[in-house]
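Heads up, the thing below is written out as structure tokens.
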Number of protein chains: 4
Amino acid sequence: MSVNTFGRVFTFTTWGESHGPALGATVDGCPPGVALDEGWIQQFLDRRRPGSSKFTTQRQEADRVRILSGVFEGKTTGTPIQLMIENTDQRSKDYGEIAQAFRPGHADIAYHLKYGIRDYRGGGRSSARETAARVAAGGVAQAVLRDLAPGLRITGYMVQMGELHLDRANFDAAAIDANPFFLPDAAAVPAWEDYLNAIRKAQDSVGAAVEVLVQGCPAGLGAPVYAKLDTDLAAAMMSINAVKGVEIGEGMAAAALTGTANADEIRMGNEGPRFLSNHAGGILGGISTGQDIVVRFAVKPTSSILTPRRTIDRRGEEIELITKGRHDPCVGIRAVPIAEAMAACVVLDHLLLDRAQTGGRRGRIG
Amino acid sequence: MSVNTFGRVFTFTTWGESHGPALGATVDGCPPGVALDEGWIQQFLDRRRPGSSKFTTQRQEADRVRILSGVFEGKTTGTPIQLMIENTDQRSKDYGEIAQAFRPGHADIAYHLKYGIRDYRGGGRSSARETAARVAAGGVAQAVLRDLAPGLRITGYMVQMGELHLDRANFDAAAIDANPFFLPDAAAVPAWEDYLNAIRKAQDSVGAAVEVLVQGCPAGLGAPVYAKLDTDLAAAMMSINAVKGVEIGEGMAAAALTGTANADEIRMGNEGPRFLSNHAGGILGGISTGQDIVVRFAVKPTSSILTPRRTIDRRGEEIELITKGRHDPCVGIRAVPIAEAMAACVVLDHLLLDRAQTGGRRGRIG
Amino acid sequence: MSVNTFGRVFTFTTWGESHGPALGATVDGCPPGVALDEGWIQQFLDRRRPGSSKFTTQRQEADRVRILSGVFEGKTTGTPIQLMIENTDQRSKDYGEIAQAFRPGHADIAYHLKYGIRDYRGGGRSSARETAARVAAGGVAQAVLRDLAPGLRITGYMVQMGELHLDRANFDAAAIDANPFFLPDAAAVPAWEDYLNAIRKAQDSVGAAVEVLVQGCPAGLGAPVYAKLDTDLAAAMMSINAVKGVEIGEGMAAAALTGTANADEIRMGNEGPRFLSNHAGGILGGISTGQDIVVRFAVKPTSSILTPRRTIDRRGEEIELITKGRHDPCVGIRAVPIAEAMAACVVLDHLLLDRAQTGGRRGRIG
Amino acid sequence: MSVNTFGRVFTFTTWGESHGPALGATVDGCPPGVALDEGWIQQFLDRRRPGSSKFTTQRQEADRVRILSGVFEGKTTGTPIQLMIENTDQRSKDYGEIAQAFRPGHADIAYHLKYGIRDYRGGGRSSARETAARVAAGGVAQAVLRDLAPGLRITGYMVQMGELHLDRANFDAAAIDANPFFLPDAAAVPAWEDYLNAIRKAQDSVGAAVEVLVQGCPAGLGAPVYAKLDTDLAAAMMSINAVKGVEIGEGMAAAALTGTANADEIRMGNEGPRFLSNHAGGILGGISTGQDIVVRFAVKPTSSILTPRRTIDRRGEEIELITKGRHDPCVGIRAVPIAEAMAACVVLDHLLLDRAQTGGRRGRIG
């Protein structure tokens, strides 16, 4: 199968480079008869779009999506949906040095070693622009989930940026879309702004951690043992540019816990089992239990910084390099809508895969 | 494709339940002409085997592997290799309560909700006994890597158990196989023993963190953007029972770093690029760079504990449950050889996949 | 994915060689809660079993299947089902010449050229014994279809053996299982017996053509454009040993037809569309229409014959070779139950895949 | 995996409808560093293009391909190659009757039954226009094969059209591209023209048979038992619109042969084994032997004819239907370049897959 395809039965295949004429995603396996238009998908792209605040790259891309196939008279037909985004701001410039040098922390050297050739313009295929295609695909998934799992809701937000951590006592979902950090704590926003401004002025960048919450996810999704729901979520998040760690529920902190502390005890609620805690992050044995699914991941600091770093070029010459250009001081911010999109695709994929095997019937309790 | 298959071109499919007659793995895509026998694979299984110390389950399983196909006159033939392990110690017992109750932290309730039926004997398919099959498959991968990547070496070890952390200043690879914790610090072993004994006596269990180091990995492995090497490693580790988090290089700590601190600067060494640090964990843009690959993951504490926990049964009745039986107080320990096996399979799979696309040629520097 | 795996969501992976200790199939993606035991599967194996008449190999194999996993208390659990068949009659003999020589028409030379090593005992992996594993997997598919598509019926039969053709005017389904040829014409059986006896006495073998009819197949199965139902059926049949051609409906004869003759006109029946003919073989645009599905394929004559043929050996020496042993004079006969098994797997796979995408809903007419 | 993806390691995913804004193919797994431009691909598209003779549809499509990704400075980069063809001649018309009625022999009714919705404009996704995308993908495969298998040559041609058969005694490869039938017999062209003109004037259409010859194919391609070379070729051809049968070597005629007649005897040639005949069509046990690969398939007559046929509409009303429009009287003609493209993709895919497993080494003889 294509190494640029994600998913098992609801799949998408992305294509395109940062500075090529266009990029896009081919979504396949989509249920037919689902209402879908460009406006619906655009709302997801707009959340990710560069240039939306001073904390994201000033590259001006409309990121206008076109549906080229698979939708007829406003509904999906069950055939492949081609989502194309044309690159409009491919600023013409001299790539002289970047074309030859390997920027530290970037994929430049790895692509060169593997392929012997690389599209050096803006990082080519390794650019985070590829994630626009994922977000568009996620928009399709969200349209289907709206029909098939009406109570399901996917919410991403920042929980850490460098030294700053979300104070969970202040968690307020309503705040998330009202600040440039996707931060669920309005009161903390000024401090985050000051911090990131300082980072930027220091010609530096900073890492971040993002959490995605899936509420209302049906029980029974996930197919042990190599298509576990957490396995696929981990792959989904780790495939996002610059991600270095993924956690489910307690995540790495589980290493410090005892079994008595970690057990999510169960009582009987009105509508089925009721868990007294959620250390597991909503997944047991690779299968969703109906609890909230909690995924968290870390994004490394933007590698493109104005502070000079030592590196080499293709001839093997040792040089110092400053990466000019329009770069986010914290790429983790824009990872929020990308991660929501990936989560939507994983959940829908497993909802359909489960429907294939079990017909969506559920074992009863009581 | 089978949801119980792992891999892209070098694949394995596992089957079997904890208390069924046997379990195993079907390895496919293996290069032909590689020397392989049961003894070679057995050495890997013996490292994972239960009953090998007082810190692992006292279930006595020989875990004797049989090669049923794919090997002829001591060499692989290129056809599927069936590795079967018979279950010998399926202790006959009364499963009455477990058959009806859902053990907290276990997959019991998730399997019931998904399938409406479950093999409750020892956890059935969700038991960690499945990992014996992975270790056997990993043994095949190690045999092939020995031929195709002679300098490559995969080493797993514990870096944390509950409150105890490996002191990296004392790192000594030679110590790893000389203590029951796969701990690369001989001097710390007595403290770890005391700690785990106390946990056990308290009828409790504890989590752990494991690190896997891949040294001598060729550059160029990994296929962006959904078959990245780190993506597949994350999926590999997250698919192991009880794993809740996976990290590459800096992992979750990357969220706290600045770009200047995180940059792995590059100089020119005698045999190619030389990195001055390894925050990236050996992977850039999803492709190996030739640096050491560093993967780390957290294992939650064993859910089966003798301390009573609140739960429900199939009728929806609220009960308290003690999970008797022969359980590891820290399942993270035995995750070490399992993780090595998964790493071996991922690396070999990508070595072959890369050979398909690029023929194994590498872009030159200098 | 494993090259020894067939299917998309209902999958099976076969393993094993002709003269190894065992062979088998790992069935995955099977719906849970389906009644299944060894006796059910055995009935399918018994139809294919060697030694059942003088027209099939006299190798005496019990072909006794064991279910090693995936079934609990008589029902499928949704986890992988391991079906193992031990080889009992691995007649010890001197393989001296066969080990070195390439039998004409056999895979010997191809395996040697590809892998550089081959298990020459009885053809190793290329032996038709592999098909026992498919038949076992097909038995699982038949058990599921019995539940999910109660009116569906799969019937295979011979339509040609060498110079003899089935006279369709005499078609009698009841006769199929009452003669050694799976021939739906009892009156023709003596002539077929005489013909094949003559072939055998001449130390020769002969080809055959087999047809499989799927009645009661729901409309809507098949996923254009590369998972068309006819595409997957063609792959399924062509993957059977010795098959050289596959036809759907009119098959190769469609080349001679005009559009007016070939059109399957449609009228309205009591329960939906009623087709006035079935040139299409039940599939339009890769999707089942509800008509009978008609698949036909040709099997080449057994390559192992007692008449000497010219060939070479590994050293490149030119020799003449007689293939002794216990060989079917017409391997096409035993292809009947194998083809039924493959058809069952394809249809079930698509039924589940369609359930994933469409939920099994159907567009209405009228 | 996407049901609109073909291939295992060299893959392509097609998208687009007959009358949508565009259609295309995403080619993935392509080796890097291969010279490729739009002109190279265009030559393959031009062979398939409608409107090139009076025997093909008069729809005027430039079928101008654009490469949107994966190629940089005239060479492939190893990343996905997006090939887009815009639809220019989407003749505006009233689809009133076609929108409601099911054309006999077309996929209309099948799509309706499966999806409950269909893009009825020109057949939507089920239109043969989809094959333009395959031909473009095949052009990429041909560019890679030019590098990796320089002696390999793929040639398609007509062997039958209705009552007319190619006289193989007159076979002349040079004639193929010099007549509108891809017929390797210049002398027969006038008779074929007269025949097809008569068919067209009778407001009818006619079927055809096409053969594809792969010369210079390396031995060792194909991966038993479910990725056999002939299995994948059968799937490739059967997935082409209107194909009803596929044959390898002797094909269906093998049913009539005896083992003595069918054996391809082997002698030792200067450069390895030399086969005295080629009943097998170049493939034994699913693996290429180095002989010419011979694939043949039948295409049913165009279903769109001007002669009225009985059918029903969505309301279940019985009607008579004439399919107006610009239709080929023999769609089999344009299947020739499509089949060549599919053959190129299959052979390249297996060449890379074999390189993954065996490294391309070959077992020696002599």
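Heads up, the Cβ atoms here are built off N, Cα and C, so glycines get one too.
Every protein chain shown contributes to the tally, and the Cβ of A:Arg48 (NADP(+) binding site) ends up with 24 other Cβ atoms within 10 Å. In the three-state DSSP reading, A:Arg48 (NADP(+) binding site) counts as helix. Per TrEMBL, the feature NADP(+) binding site maps to A:Arg48, A:Lys54.
As annotated by TrEMBL, FMN binding site applies to A:Arg125, A:Ser126, A:Ser127, A:Asn241, A:Ala242, A:Gly285, A:Lys300, A:Pro301, A:Thr302, A:Ser303, A:Ser304, A:Arg326. When other Cβ atoms within 10 Å of the Cβ of A:Ser304 (FMN binding site) are tallied across all protein chains shown, the result is 23.
Closeness to chain B is evaluated for the binding-site residues A:Lys54, A:Arg125, A:Lys300 by Cβ distance, with values under 8 Å counted; counted residues in sequence order are A:Arg125, A:Lys300.
With an 8 Å limit on C-beta distances, the binding-site residues from A:Arg48, A:Lys54, A:Arg125, A:Thr302, A:Ser304 that reach chain D are A:Arg125. In sequence order, A:Gly16, A:Glu17, A:Ser18, A:Tyr111, A:Asp119 are the residues near A:Arg125 (FMN binding site), counting only same-chain partners six or more apart with C-beta under 8 A.
Each of the binding-site residues A:Ser127, A:Thr302 was scored by how many other Cβ atoms lie within 10 Å of its Cβ, and the smallest score goes to A:Ser127. Sequence-distant neighbours of A:Ala242 (FMN binding site) (same chain, six or more apart, CB under 8 Å from its CB) are A:Ala128, A:Val299, A:Lys300, A:Thr302, A:Ser303, A:Val331, A:Gly332, A:Ala335, listed in sequence order.
Between the C-alpha atoms of A:Lys54 (NADP(+) binding site) and A:Ser304 (FMN binding site), the distance comes to 16 Å. For the binding-site residues shown (A:Lys54, A:Lys300), fewest C-beta neighbours within 10 angstroms: A:Lys54. When the Cα atoms are compared, A:Ser127 (FMN binding site) and A:Arg48 (NADP(+) binding site) turn out to be 14 Å apart.
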